[in-house]
Amino acid sequence: MDLVTAEEMRQLDRTTIEKLGIPAIALMENAGRAIAEEVIALCRRRQYNSGNSVHADAGHGSDWGMESDIVRRGSNGGSVTGGTGRSIGGGWNGSSGVSGGAQPPQEFRVSADRALTLDHAAAEHWLILAGKGNNGGDGLAAARHLREAGLAVTLVYAAAPQTLAGEAAVQRDAAAALGIPAVVHGRDRIDFAGCTGIVDALLGTGSAGEPRGAYADLIAAANASGKPIVSADIPSGLDADTGALHEPCIHAAVTVCLALLKRGLVQYPGAGAAGRVVVRSIGIPAALAREAGVQASLLTPEVLQTRLGVDVSRRRSPEGHKGTYGHVLLAAGSLSMSGAGLLAARAALRAGCGLVTWALPAALLPYVIGAAPEIMLAAAGGGEDGTWNAETAAEVLRLGGKRDVVATGPGLGRFAGDREWLRMLWEGISSPLVLDADALNILAECNYTEWSSPGRPVILTPHPGEMARLAGVSTPQVQRDRIGLAQAYAVKHSVVLVLKGSHTVIASPEGEVYVNATGHPGMGTGGAGDVLTGMIAGLLAQGMDAVQAAAFGVYLHGLAGERAAGSRNHPSALIAGDMIEAL
Ligand SMILES: NC(=O)C1=CN([C@@H]2O[C@H](COP(=O)(O)OP(=O)(O)OC[C@H]3O[C@@H](n4cnc5c(N)ncnc54)[C@H](O)[C@@H]3O)[C@@H](O)[C@H]2O)[C@@H](O)CC1
Ligand SMILES: [K+]
């Protein structure tokens, strides 16, 4: 599923309208209908949850989108009737009065739009908050469909209706011709308390900066009403590209995202303001996105398989042996943080690699013997106090030269000469390199783009604080546009970047971006990142390329977190080791 910026969406709109010849009003009609269907789906869920309408949902299958024909066949006198109970053509009896039975019975099929049908519709009264751009036009089109379905609707114009132009003005006139009641902000009283729900069609991808004037008033009043809000395309007040929230911003129960998923809907805090996000096609061919150079996508199993070429079933050859699945060298852990190395090493094995050698300060080695018997240990020298020192680089280089992957950073600590230590690894290791934790903090102090490189991939896995140090910005700046920052950094520094956090972003040196959607808030626990480092290294060792391993590692890590959180009495009890066991 592609992720677009507002500008990319505008380009795709233009291509569809100008090159394919699809009229803009047709797109708006589709948008309006999709929004109306999602309003009705929400009403159904609400009825169902309030317990008075098991009947209302019965027979509807899923929320929407399933065609439901009403068929009456005279041949056996029986009828199959859908939930709406509409039927035609009854009374024909094939066995009486038709000689020879040669004529097949005539069949009538009437498609009842279940997605636009709601029992007890008259109990609903929705306010449609309409801005003066195309987002408002979408809302006005939705209003017509809702009214057709029997819901009461009142239009609430943010600006004088005569200021609407283009397709939005067409929708305004159609609504007026049908006699749909309308009020105007600043002129009429708006009864938020009396409505059962609100469609937010104030601002979409054309909005810029903080909502002003009437828009700000209506957003604040809608939020304060406590009524469920269905947003058209994006919650008004959200930055569609970054997920930043302007003040005020709609807090939606459902966002009906039109055509393609906007980046701001998968980045926090925007993701939190959008509620349930439903992406609905409106006639803009999805294939246009890649042709237009869209490079970001949501990391779904389909994207993993078709776009990244990952064998998500991870088939193993019956002839395979431990040598088939690769050997990871992990240089990690120090006395006070030896567990970080242990977690990463165990996670690499659980990710399926054949062998893991854990290089660690020699003084520490006796204490970890037997902690995980599957792991091979290598003493890398270091201080008597179980810390790393600059001289250990030679041994790590020697060990790493024979391995398929080298990962370092978890529990490494800082030490005198660590920049030169990392430089030697960077320049001397010719297999893929995974850098995490303190290795990133060291890197942040180096001008590493000037280092020579043997031309192998490097994967960096920073959390937002480490990313801030790497990029020389503040942590809030990192979080303000995670996708944009990760993409720019990966391209500029020719690395695969894994920017961790809720909805981890994976960016490639070519500018491809994947946003992960697996995971659980319970994963915010010490060692979770070490587990991810180990997993990515373990997947690399099995022959995946760097982007595949980073993306699939992040995806599986999130799934393991979800599973592990679900297996505790409370998700907050989750600890990093549980994720390894859930792999
Ligand atoms: N262009 C197209 O072909 C289609 C567009 N669609 C819809 O159109 C939206 C984009 O429409 P537009 O480009 O017309 O833009 P919007 O409707 O998002 O907003 C533009 C209007 O809001 C005003 N505005 C912008 N920022 C403001 C702020 N901070 N405070 C107050 N007023 C502000 C502008 O002056 C302008 O009148 C999409 O989000 C989508 O909902 C859909 O109808 C499908 C087709
Ligand atoms: K909106």
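Including glycine, each Cβ sits where the backbone N, Cα and C put it.
Unlike curated records, TrEMBL annotations are generated automatically.
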Q | Site co-member for K(+) according to TrEMBL, given ASN135, SER236, out of ASP113, ASP200, ASP217 | A | ASP200
(Q) According to TrEMBL, LYS500, GLY501, SER502, HIS503, THR504 bind AMP; which one of GLY472, GLY529, GLY534 is annotated to that same site? (A) GLY529
Q) Given the recorded AMP site (LYS500, GLY501, SER502, HIS503, THR504, GLY529), which additional residues of the same chain have their Cβ within 8 Å of the Cβ centre, ordered by sequence? A) HIS463, LEU499, VAL505, ASN516, GLY519
Q. Per 10 Å Cβ neighbour count, which of the binding-site residues LYS500, HIS503 ranks highest?
A. LYS500
Q: Going by Cα-Cα distance, pick out whichever of the binding-site residues ASN135, GLY137, ALA208, TYR215, SER236 is nearest to GLY501 (AMP binding site).
A: SER236
Q.
Cβ within 8 angstroms of the Cβ centroid of ASN135, ASP200, SER236: which residues besides those meet this for the K(+) site?
A. LEU129, GLY131, GLY136, GLY139, ALA201, LEU202, LEU203, GLY204, SER207, SER231, ALA232, ASP233, ILE234, PRO235, ILE250
Q. At the Cα level, what's the spacing in Å between ASN134 ((6S)-NADPHX binding site) and SER502 (AMP binding site), rounded?
A. 32
(Q) For each of ASN134, THR205, SER236, count the other CB atoms within 10 A of its CB; which of these binding-site residues has the top count? (A) SER236
(Q) Name the residue among the binding-site residues GLY137, GLY411, GLY501, GLY529 whose Cβ has the smallest number of other Cβ atoms within 10 Å. (A) GLY501
